[in-house]
Amino acid sequence: MSVGAGEFTALLFLSFGGPDGPADVRPFLENVTRGRGVPPERLEEVVEHYMHFDGVSPINRLNLDMIAALRGELRTRGANLPIYFGNRNWTPYVTDAVTALRADGHRRALVFPTSAWGGYSGCRQYHEDLAGALAELGAPVSSDLLLRKLPQYWDRPGFTAAAAAAVRRAQTELGEGTPARLVFTAHSIPLAADRTAGPPEAGGQLYSTQVTAASAAVAAALGIDDFDVVWQSRSGPPQVPWLEPDVCDHLEALADQGVGRVIVCPIGFISDHLEVVWDLDTEARETAERLGMAYARADTVGTDPAFIAMIADLIEEYVDGAESSALGCGDNGTLCRPGCCELPPRPQRR
Ligand SMILES: CC1=C(CCC(=O)O)c2cc3nc(cc4[nH]c(cc5[nH]c(cc1n2)c(C)c5CCC(=O)O)c(CCC(=O)O)c4C)C(CCC(=O)O)=C3C
Ligand SMILES: [Fe+2]
């Protein structure tokens, strides 16, 4: 693969961002929740979660690890695409990454989002990040720049195979015995948000349908028929309905049914960031211990070579500049195509 004129010449690795120290935690959370109706009590809880890790989210380091692995993979394939790193909610910000790639002379960059999914939070908000950065930089930059977001990748074999391999390692960790119940988890979202992304005739539900389908693909790869799909890290005011059941409530229900061993697979995330190391490795694990259940948490796909190869494959597919109507693709933060991710519900009043 070689990159010539008219083709994409750079990659923007676009992520969520996370704090790098205690002083960052509150301003980071303000960035995440601005105008989104998250109650102050919930925010104080989340501050505590980050403080258990001295205010440092693992997400930035994990993203840099993935970027390093991807650089290696691209080099092996003879692709000299430089990679820029930018985030929605914390430094390095997406605007700075776009400024940097443009200053280095790039005019066309592909964008890899660290979310595999459709839906407002998983897809459309990343488009908004690109549009916001271009608006901030203004016409001199934006009129001469093409940022093309790569499609959703929840159904790519490189993603599901890497997740299946991680579940296999968790099975080994649990050792011999009754097969463990396989429980997939992803970030909960408001039911209203789930309904407003996806084909209206299917009631929207793009995100929850994709999470369920990816879980089924991983289970199928493992030859497992019985599995559950549950949700985690719920936010927002308690009276607003979100996707349920919550992973911890689900462990209680499984214990009531006599299930004694469980593997939790965080299919909803691609790295072991705070939502994984707190909500699953601390809260869910403690719940399982209290219930007397054997518990193992599967790794996220992270730097698994199959997953990194999937990212490189996506880049190879798109680097020549062919137009695409795949779900999640879009230029310069333009809206998702019909049937993808519609407008979010209005922010809730406190
Ligand atoms: C679908 C989805 C993904 C997966 C797709 C993707 O990966 O993008 C995701 C990822 C993440 N969510 C993260 C952190 C947070 N999410 C929050 C709040 C929210 N997430 C939501 C959805 C999602 N979130 C929603 C609907 C809200 C409510 C507020 C709103 O409507 O926007 C809050 C606010 C406090 C709270 O928890 O209430 C925090 C701190 C981190 C970083 C972890 C770290 O620092 O290591 C990551 C990767
Ligand atoms: Fe979308």
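One is the number of the first residue shown, and numbering goes on along the chain from there.
Glycine is no exception: its Cβ is also placed from the backbone N, Cα and C atoms.
Features as listed in TrEMBL:
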BINDING   Ser57, Tyr126  Fe-coproporphyrin III binding site
BINDING   His187, Glu275  Fe(2+) binding site
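TrEMBL feature annotations superimposed on the structure.
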residue: Ser57; record: Fe-coproporphyrin III binding site; DSSP class: coil
residue: Tyr126; record: Fe-coproporphyrin III binding site; DSSP class: helix
residue: His187; record: Fe(2+) binding site; DSSP class: strand
residue: Glu275; record: Fe(2+) binding site; DSSP class: helix
Exercise for review: Please report how many Å separate the Cα atom of Glu275 (Fe(2+) binding site) from that of Ser57 (Fe-coproporphyrin III binding site), as a whole number.
Suggested key: 9
Exercise for review: Could you round the CA separation between Tyr126 (Fe-coproporphyrin III binding site) and His187 (Fe(2+) binding site) to a whole angstrom and send it over?
Suggested key: 16
Exercise for review: Tell me which binding-site residues (Tyr126, His187, Glu275) have a Cβ under 6 A from ligand 1; sequence order is fine.
Suggested key: His187, Glu275
Review point. Name the residues of the same chain, 6+ apart in sequence, whose Cβ is under 8 Å from the Cβ of Ser57 (Fe-coproporphyrin III binding site)?
Key: Gly18, Pro19, Asp20, Tyr50, His273, Leu274
Review point. Including all protein chains displayed, how many Cβ atoms other than that of His187 (Fe(2+) binding site) lie within 10 Å of its Cβ?
Key: 23
